[in-house]
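Okay, structure first, notes after.
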Amino acid sequence: MTEAIGDEPLGDHVLELQIAEVVDETDEARSLVFAVPDGSDDPEIPPRRLRYAPGQFLTLRVPSERTGSVARCYSLCSSPYTDDALAVTVKRTADGYASNWLCDHAQVGMRIHVLAPSGNFVPTTLDADFLLLAAGSGITPIMSICKSALAEGGGQVTLLYANRDDRSVIFGDALRELAAKYPDRLTVLHWLESLQGLPSASALAKLVAPYTDRPVFICGPGPFMQAARDALAALKVPAQQVHIEVFKSLESDPFAAVKVDDSGDEAPATAVVELDGQTHTVSWPRTAKLLDVLLAAGLDAPFSCREGHCGACACTLRAGKVNMGVNDVLEQQDLDEGLILACQSRPESDSVEVTYDE
């Protein structure tokens, strides 16, 4: 366990990566390419702990003089199918302490604590046609999905990408290279506010109308995502076809060592957990949350916020009953399908079975 200056001790689930490359994408955005400090044979970070899917994110621990550190989630722009290393892209924001710190101070050789890749903004298959809608730095997870779909799938990919002006376009050269490599499969539609004004729902609807039979992935600032959702609703695109990525600032410290609440007098429940193809049985104190129990047992259960906001810890309840304290992300359809948030679930039955592998 590593001690963190000004913070609680770090948990065993925390990983330390090294910045191998810093790429200036625009005047306001930089990509950070990561490497394992001691190489791929580092026993502290086996390759399975860095496995990820297109559309997922890393949670970074950024130093802070005021609080010791802050935790922020940044989408992976790299693709597990085309890139050797994990990479995230960070864009400056007016009030964004962490993003500004990374843009000002991140340099090659710097080590930074991260959590394992996580997130549910992931296509169920890459062999499909896609409609990808991005604005500003929202291109980051969209780029990962785009590269992966083109490399591994055989379908058509249409990307609508909105920016303030031409100088604000992140990955401009990379998108041109992809369009040249896949001229019959990739269509890129740029929207520049300097020329076209803010993208409205009606304008977006006209542009995306030919592509409404596809899975849709949306990421960008709130007003853009709302306009995109309104456009798709006007076109009667089914809600289950639309996937949206939203990040919230984390209030708790997901890097802190896990403390299992076992203060209750009632006998613990039993949790049977299927994770990465293996089945584990753990004792589950009635007052403890499932995620804390799994992490304390040394299992690499996925998570990010621990606050019920992001959905990264979602798993499927196969048997038994649980009580969720906070749920800001799962919709009724998800609940009907048995999804629960491990970071918010406490047992209500003596035995509970869940799986992360569905």
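Glycine residues also receive a Cβ, built from the backbone N, Cα and C atoms like all the rest.
These numbers come from a predicted model, not from an experiment.
Copied over from Swiss-Prot:
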| type | residues | note |
| --- | --- | --- |
| BINDING | C305, C310, C313, C343 | [2Fe-2S] cluster binding site |
| DOMAIN | 12-124 | domain 'FAD-binding FR-type' |
| DOMAIN | 269-358 | domain '2Fe-2S ferredoxin-type' |
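Taking the binding-site residues C305, C343 in turn, the residue surrounded by the fewest other Cβ atoms inside 10 Å of its Cβ turns out to be C305.
Within 8 A of the CB centroid of the [2Fe-2S] cluster site residues C305, C310, C313, C343, the other residues of that chain are L291, F303, S304, R306, E307, G308, H309, G311, A312, L341, A342, Q344.
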